[in-house]
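Per TrEMBL, the features are:
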BINDING   7-20, Gly102, Asn162, Arg187  ATP binding site
Amino acid sequence: MNIAGIIAEYNPFHLGHLYHLQETRKKTAAEGIICVMSGHFVQRGEPSLVNKWARAEMALAHGADLVLELPALYATRSAYWFARGGVETLAHTGIVTHLSFGVEALEPEVLEKAAGLLAQETSDFQANLKNFLDEGLSFPKARAQALSLKIPEGEGIWHQPNIILALSYLRTIKEKKLAIKPVIIERQGAGYHDKNLIPGKYASASAIREELFKAPEPKEVSLKKVEEFLPQAAITILHREFAAGRGPLSLEDFAPQLLTLLRRSELLELQRIIDIKEGLENRIRSAANTATSIRDFLTKLKTKRYTYTRLQRFLIHLLLNYTMDKEAYLAEGPPYLRVLGFTSQGRKLLKIIKGNSPLPVITKGGHAQKYLTNCKNFSTFWEMEIKATNLYTLLYSEPKQRLGNLDYLKGPVYIPDNRHPIS
């Protein structure tokens, strides 16, 4: 039985994602597709546009069978840890045979060669990487330059986000010696960071979000401008969430909370947050005292080495109190499988997973209680999810929607669907 895995954010789910799901099922002849998806905060260091259950519903409505949550400890880290958390989550289901991901045109053999180099870095690669970092380049750009010296076939694209993620997926499969077959789907239309909306073409999630937030008009009106880039169920779900006052959210919405934390935190407290290097905390304090918005704060801090994305991730880590001591948990892997939603086919997959996975499978928040004290690392990961959801919902525009502890109150999304029955 072929079961395909996909690691995604669906922020929001668009036509490019639909194409990826359809091509994945076609290429792998999969009897089921399991998606591992970020929760309420994403890898770029931003809150998700709408909540994780709504985004899981979009995926299920358009071809996914089961959606699992990527723990926040992985979802808000670098591409490597994001990828590793996702791949290990899929591996722990015990049934995933293929990992499908999209990249710009590049031969699979070249990607495999680069992933092998990253899994076992040579001394000259490490020396080149250090030299580029010493020149003040950000880590992604320094690594891209070092890779280009060793594997020139990828020169000019090693720095692209989807290439970086692809290398991280392949590297994890190699490092963990997993029996999962990579399946590459060539990306269509806009690149990951492409901000252009071109009629008749696939748009990036970044471009869709930017269009939603750039106009002062009601978001339901802005949404109509991007509907041609979204599949129908995603349009319906987004309209429902916006009308209910449950989004869309942006990092700027968290400005009062974040600027409060930045201005009141002691330097030692800032030093404890993940991703803070010695000396940066002083610049952070200075910028926080003069910044009047998140964009203003980021602009004051950005350098060649500290990109907007890295600084945004720092802000999310500060908000969630993601401190250095929690980093040690990443290498030990996810301690559970959290179910966000499933179809009728996904329900059958869940039954098989529960008989194959070495990890607890959490379908309802209340079920987590029995693992909090007797399952290694469970409480650290779980409590981070509770915190992330509680802080996320506080920013809803409709006060009645700002309930806490939704991870305990909401069950998985269920969409009846028997399109792909298991024999």
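Every residue gets a Cβ built from N, Cα and C, even glycine.
From a predicted model like this one, the values you see are computed outputs, not experimental measurements.
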By Cβ count within 10 Å, point out the most packed of the binding-site residues listed: Tyr10, Phe13, Tyr19.
Phe13
Secondary structure of Phe13 (ATP binding site) (DSSP, helix/strand/coil):
coil
Using Cβ-Cβ distances, find the residues under 8 Å from Ile7 (ATP binding site) that belong to the same chain and are at least 6 apart in sequence, listing them in sequence order.
Cys35, Val36, Met37, Leu70, Phe82, Ala83, Gly86, Val87, Leu90, Leu99, Phe101, Leu165, Tyr169
